[in-house]
Structure formats: C-alpha cells, structure tokens
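Beneath this line is the structure, given in structure tokens, with notes to follow.
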Amino acid sequence: MAELNGITIDENLLKRKIIHVDMDAFYASIEEREHPEFIGKPLVIAHDPRKNGGRGVVATANYEARKLGIHSAMAAQEAYEICPKAIFKAPDFTLYKEVSSQLHEIFHEYTEMIEPIAFDEAYLDVTQNKKEIKSAIQVAHLIQREIYQKLHLTCSTGVSYNKFLAKLASDYNKPAGMTLILPGDVIPFLSSLPIGKFRGVGKKTAPKMIDQGIFTGKELLEKSEVELIQQFGKLGYFLYKRVRGVDDRPVEWQRERKSIGSERTYGKLLMTIDEVETQLRYIASLVSETLNKQQKHGKTLVIKVRYQDFTTLTKRLTLDEFIRNDAATIYFYGRQIFDEILGAEKGIRLLGLTMTNLAPIGFENMKLPLFEKKVLNQPL
Amino acid sequence: MEFTINRSAFIKQLTDVQRAISSKTTIPILTGIKVVLTASGLLLTGSDADVSIETFLSVEDEANNLTIESTGEIVLPARFFSEIVKKLPQDTFSLTVTDGYQTEITSGSASFNINGLDANNYPHLPEIDTDDNLIFSGSILKQIISQTVIAVSNQESRPILTGVHFVIENGEFLAVATDSHRLSQRKITLQGANDSKYDVIIPGKSLVELSRMIDDSNPDIEMRISENQVLFILGNTSFYSRLLEGNYPDTSRLIPNESATGIEFSAPKLLSAIERASLLSHESRNNVVKLAINAAEQKVVIYSNSPDVGNVEEALEFSNLSGNDLEISFNPDYMKDALRSFGQTEIKVAFTQPLRPFTLVPTEDTTQFIQLITPVRTF
C-alpha cells in the first residue's frame, strides 16, 4: 500500500505507465496531407453550407480556422459567417477510418493493451511493452516519431501513471507536444487547472461548482470528501480522488462490444410499410451477419426510427432467452416492434436495428427437432 | 331495465367475468361488461375477443335475492362498474337504466349515475353447436393445466407453441406443451369420453385464466369443442376461448424410450438444491448449472460458476443411482419449473447422453406425467 495526497492506494497503481495519444486536428490534418494546397489556409471539415442550404455541422477544423473561433459541433453556416474565405471540405470517414487502423498498427508494435476512445485518440498501457523499454517517455517519443514518419501526421502525447492524468497531459501542450506528469507534480498541476477541464464537469456542473467558489483544482482540494459527495453525488466521489491524482481505472483493452447494430439513412424518404419491411429485412440480415461473425447473441432488440422532421424514436423488446441469430427471426421481432411505433406516413429518413444485452455464444440451449420432418419416427 | 340483487353474490360473478376484460383492447366496447336481464335472470358477459366469459345469476337462486322490475340490456364500463359495486354501502343494490343509456346504481342512500353503451353494439359471442361434451373433475383439470402451461412458449414467432395441445382419442386425454427447450406431457383416462376424437391447441394464456376460476366448489367441468372455439362450463359460468390454428408438431417421437443413467430424487429437496445453484447462475450471462454423476462412487454433484460473482458446488441427496457416469449442463430455470410441477413426490430422472434431452417422471406412476428438458451445450 502507498499513500498519495492523503489517499491510501495500491502501490502498483503508481507504477503504471500510461500514454494517452491524441492526434492533432486529425481529420483536418489528413485532408491537408492529401491536399497540400489547403496548408496554411483555414480549413473546415463540413459540407459546404453554400451548396446544401446551410445544413450540417463542423466535424473539425485546422488550427488556422480554430484561431478564428471555429470549432467542432458548430453549425457550418456559422463557420461560414465567421470566415467566408475558409475552405469547406466534406468529411471522408472511410479515409479517416483507414488512417485510424494504420495508427493502431503502430500502437500494436508496442503493446496489446490499447483502449481506443475515438478514431483519433487512445490510451496505451506500456508498463510492460513489446520493445521492453523502461522509459514511458521514450516509448511516447518513438510512437510520435513513427506516426510522423509513416503517416505524416502529428500527435500529442500525455504520459502518467493513470488515464485521468495522461489525458490532461496530452491536452497540455498541443500540437506535437509531449507532457509527463509524475505523482509529485499532481498538486501543483491540478491546482491551477480550471474546474471545467476536469472530466465530468461539463456545461451543467461547471456553474454549480463556480457557485460553490470552486474555480480551479485548488478550491476543489479544499472540499472534504463528504461535502463533494453530498453536493455532486457520484461525480463528487470521483473528483475528490482525481484532484489528488488517484484514478484506478485500467486501460480497457479487451472491452467487449455492448451492442451490435446497423442503421441506414435514406435520401428518398420511406413512405410505405412495404418500403419499411424491405429495408428492415435488409438491415436484419446485416445485423445477423455481424452477430454471427462475432459469435454473439443478444436478448434485446432495439429499433430506431427517425422521421422527416428529425424526431427520433427508439423502442425495444427483451426476451427471456436469446434471440436466434438469423435474419428472419431478427426481422420478425423488428417488424413486431415497428408496429408499436407510429407508421411510415410521416416519412422515414433513418431506420436501424440494434441487438444489445449481448453474450458470447459460449453455450447453446439445445432444441427439440419439432419442425424437422426428416427425423420423423426416429427417437431423439 | 330495472332490478335489485344481493351485492356479494353479484360481485362473485362479476369478478369472474372481469377476467376476460382487457384494458388494452382496441375495441372500446370490449372494455365494458354486458348486462342482459331476462325474466329468468341476469346474464353478465366480458370478452377480449380471444377469451369470453359469460355467467348467469338465476332468479330462482335464493342467494341472489334477485327481483326484476323490467327486463332489458346495457353495456357498462367494467372498471368503474365493478369498483362502484364493491364499495356500495348495503347488502343489496338496484340498477336502473333510465334515459337512453344512463344507468343509475343505488344502494342505501348512495346513488351513482354512469353512462352506458348500447348493448346492440356488443360483438356476438362465438357459438358452439355441439352436444358432444367431455367431463373433467375441476381439480384434475386445474392440475393438468398447471403441469403443462409451464412449458408453453412465450415467443410469438412460433404461435402454435404458445398453446397446449389437447388430444382426445380412445377414451384417453393427453395434454402436451413445449417451447422447444422443454416439454411437459400429462395423460389421463377420461371417463365417458367413449369414441370422442379431438385434436386442438388452446392458448396457454386462456388456460391460465380458466384455472384461476376453478376453485373447490367446481366439482365438474364440461368441455365442448367446435371448429375454432372451445367452451368450458363451470356451473353457471361459460368460458370460451379461441383455438390456435395449425398442426401441432408430433411430440410423441421426442420422448426417449430407454435410458443409460437413472436416479431418484425427492422433488422438493432437488428443487432446493437447484434454487441454491441458480442463485449465482442468474448473475452470469450463461444461465447454466452442471450435474456430474459418478455411478461407481455413488456421488451426484451440482456445480454452477459465475465468473463475476463466484461459484457453488453441492453434493445431492438421492436414491437408486444406476447406469453410466455422466456430466450434463442445463438451464436451472427449466429444471425448477419442472420440479415444482411434481409437488412433494419422489421422482425418477433418466438420462441417455450428455447432449440428449432427459426426463423426469413420478417414481410411483411413470406413464401419466412426464417432463422433458433439453441440455445446454457448452463450448
């Protein structure tokens, strides 16, 4: 057992070497790599608002555009108003996904313990690594260099003994930076950190914190554990630990998928039950294929419908036993749940089926051959 | 229409009729209860289209204390009507249809006026035009239902398996249900069945409702079957259910004739052990328990393992173990349902192979009642 800032923890937690890799303006950088003429100009990854009547949102923007105040999740129209000269490039997710898997190939040279967060972000546990390098800083440098040499992209890395600090560290010096946080650095580093930068403190909680006089980690440190739990519940419980540099979450490299699903968007809206049935059959076949590939089955089927006016409904059906992995069965239940939602008259722009409550097909409850004519007159 | 009646006699019949009424029905008039008054008595009807229940309160039965001022008919909202009648202050109450479908219900100084509906709009009940009837003892029928409905499927993807298969032939009655993972079959000799021959599938849900209506005061129940309906007559009450369409799969071939390993257990003791083992298996995503039988050492052990929580192991009490060693895994929920249906008896469990279904029968009478359970294959 060890003690860290007043909290007793397992000393092995302090011996971990965790790297958070965060690609710098990932989508925008890939586009600059593919289109060198974009370099040095404000670049916005979004459908051009002049061409589609102003719909759409910004997926990301390069650093030139960010300096002007353009950021992700902003309406593309708004970005256009800020900078009419900016280049608008429609996102190419197929390409980004491909680059992301190249990125993972590089990670796998160092460790199998990789927890992907998004296409452009991952935690790596390099406490034990394939290259048997003791220094995590050296591993981080090698990864950064290899990504640059092989993919011509830059990333920022954060190195620490837990995920919370590694993530804050990678954000500290962007782009192409590297930051190391050791147990002794925790209090000075977190004391000056604005409260909104603590994970879990978002738009809703930040004003409440500020009301309590908590502006940075410094004031957070002054609150007692019980006070924080009383005021912020589970979040308070974790913040008390985090601000003292304690985070025992492992890098979840074997994380299982919680659900398997498929959805389709339709340019031409689905207006009739016939069209819905055809599409549901198709989607059910995709879901069943993926389930079979992954050797999973589930007990809960969820249907998702988005209407023309963007109202979105989901309905679910849970059975006592696992739903059979075949397209016809999944379609049957999908069709049954669809009946419980409104019809198709409003015009459907998106339809999806997802199987959740998954378990590996590690066992199979055997079935009586009730409907198999061949074995007739043969005892089982 | 106007009458006065004993309240408790009325409530008893009303409660039965209400079993058929569903608040979820898409036909508004079926949320009501139909009340028809003739010179001979009062007929109450409730229905959800699948199940209809009709009961008659005779003017001649003194317990009903029924006095008729004028005959007629009305449909009253079932929920309000029953709650009102149950809460009225005196032993009797009067019901009068006044203006149009306005209905006045009075008891002592309490008086309700509720809106009724035109009884002509109430759907016609199915007609059963057969005189051929079969007589069951109420308690036997109740037992047969409880022993078989446990194996009925609740998955609508195979509608036929949501029913219990009734077969009457050669003076013998057979009831069987299966959800394809387990099967339950009960046989009895039916006195007076003579040369009646029937093969029908009755929805499990209907039978559950029917069995709730059978109490000790129903010594005999009459069953009549038509093309697509079955009627059960319990005293003054008629219970109609639709039949499921289609051919029930041939289940007789599924029951093994031989066994390689046999053991006897006390059903309640085995049930307790399975309940203990399933405490943890339910936590795991694989709801499985494993039974290991060692004939040479005369040892039978049950295991369950749930990686997140822990594991359990228990040596079972048994008698007369014979045959081959065996390890078999199964869903404990199926086993629990099956064991409960045996009550406090001794049972005989027979296995053939690890991946073949096994059977449970009462030790005393091995032919009248059988439960079959399919095992779980683990990888």
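Including glycine, each Cβ sits where the backbone N, Cα and C put it.
Keep in mind the model is a prediction, meaning the values are calculated, not measured.
The domain 'DNA polymerase III beta sliding clamp N-terminal' feature in TrEMBL is assigned to B:1-126.
Here TrEMBL flags B:139-250 as domain 'DNA polymerase III beta sliding clamp central'. Shown for the domain 'DNA polymerase III beta sliding clamp central' (B:139-250): DSSP residue counts in helix, strand and coil, namely 27 helix, 46 strand, 39 coil.
Sequence annotations record features per position, and here TrEMBL assigns domain 'DNA polymerase III beta sliding clamp C-terminal' to B:253-376.
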Within the domain 'DNA polymerase III beta sliding clamp C-terminal' (B:253-376), residues counted as helix, strand or coil by DSSP: 26 helix, 53 strand, 45 coil
PLDDT averaged over the residues of the domain 'DNA polymerase III beta sliding clamp central' (B:139-250): 92
